Amino acid sequence: MRHIRIFDTTLRDGEQSPGVALSLDQKLEIAHALARLNVDIIEAGFPVSGALEFEAVRRIASEVKGPVIAALARTATLDIDRAAKALEKAEKPRIHVFTSASKIHLEHMLRKTEEEVLEMADEMVRYARRYVDDVEFSAQDVMRADWEFVKRLYEVAIEAGATTINIPDTTGYGTPSEYGALIRRIRDEVVRGRDVVISTHTHDDLGLATANALAGIENGAGQVECTINGIGERAGNTALEEVVMALYVRRDYYQAYTQINTREIYRVSRLVERHTGMPVPPNKAIVGDNAFAHESGIHQDGVIKHRATYEIMDAELIGRRPAVLVLGKHSGRAAFKKALEDLGYAFPEEKLSQLFRRFKEIAERKGPLSSDELMALVESEEPTAHFFELAHVQFFSGSGLLPTATVRVRTPQGEKTATATGDGPVDAVFKAIQEVIGFRPELETYRVEAITGSTEALGQVTVRLRHGEFQAVGVGVSPDIVEASALAFLDAAGRLASGRATRHPPTLEEVQKELG
């Protein structure tokens, strides 16, 4: 069987999703999670695009061990110098050099002739090879480009020293038969048996990203560029979990495998969902809430008799466990620790004690917690200290009453209390918090979901706040939705106040325009 490399670009292409901006801490946490997932390559970012992006790549390169760490660069010495500098401490560095191939890109974005693009590709791949032995080369928009130019461009890159050539369907224009045929043609007419990996990079504008990537694998691709949950610009990128599980379930057909630790898929999906504020649709393949649910009586009867009647994979393969009741208010610290270990978590004693106290508070109020609720509780507690902490929240609301809320918050300056009214209890709580923290971030998104289906379920609230050009996502978990809302607002506000928020990352086109 062939080994298919998984190139994860969640932190680069995925972060270009509209409304997403990850902090340095969040990028590091996701990068470590990707390493546990055992991806082959992590594209950590685009170092030349800004100081924060450079620092994120530098930190990931120095702290995350295992995967190849890649940094993106245009065909420009400045970009490559910055990428190489950011990757200095990486165990296995890769510079990913890119240009464009289609006439519309050359005329309107690069403003270069074909000969100029060929010359730049040759010079810059050779320049990147001075820094690292592992250089990837991409030409954007190949599906709309002239074949003879595409062929010459990739031949030049290989001759200059590219070890991986990536074939991006940048606009999601291609169909599986077209994209597969292109990969086969590149394999037969460009690579011609040389020791060069062909990579796919497909977008989901027509809903064909995963199908196109799999067609590429069928026709000789040895690497797939993808993102967790399929996030990315416009309609998104190839979903890592879909390609990985398709290759696993249909290994008889594809005769290929990945080295992904599939039991980490669900946890990483939840982590990316939480940090980006982008909810996973219930019907999303592999990681959606309904992916292993059965409503039809005929289906339910079949699954009860034998799960394979209507399920082609075991939910536990991706790290999903049945939502059974596991712990209650009488559970001790040892049982709590064992339950977390069973879910795949390990924490130092101080952090474990903090989580146990929070668990006991919630269990006293709502009763036993399911495994899903326990996961939500753990994931809502950031590894870094909270800048603002909710000490108390109280609200009054009802027919004929003006919704009023009082909050007491622990701040770096001590405890502060404020009371405010609003259009509803959540609005009143948010206004009271704004009085306490001393600034008024704008609420961009607000989302509530129950962790399980029962009326006593924990509620999880996700908010996205913006203050000036900075934005942050916050998450709160509680059996009380108003309290969960307050926790989420304070989580995001704390990021804004403590410098852990981020500017929205520029797109490649914006960087091209700014840097010339």
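Cβ atoms are placed via backbone N, Cα and C, with glycine included.
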From N237, N261, N283, the one annotated by TrEMBL with D13, H201, H203 for Mn(2+): N237
For D13 (Mn(2+) binding site), the number of other Cβ atoms found within 10 Å of its own Cβ: 25
H203 (Mn(2+) binding site), number of other Cβ atoms within 10 Å: 25
Structural state census, the region 'Regulatory domain' (389-516) (DSSP three-state): 39 helix, 58 strand, 31 coil
Neighbour count (Cβ, 10 Å) for N237 (Mn(2+) binding site): 29
Cβ-based neighbourhood (8 Å from the centroid) of the Mn(2+) site, residues D13, H201, H203, N237 excluded: T9, P168, T170, T202, A209, E225, C226, T227, G232, E233, G236, T238
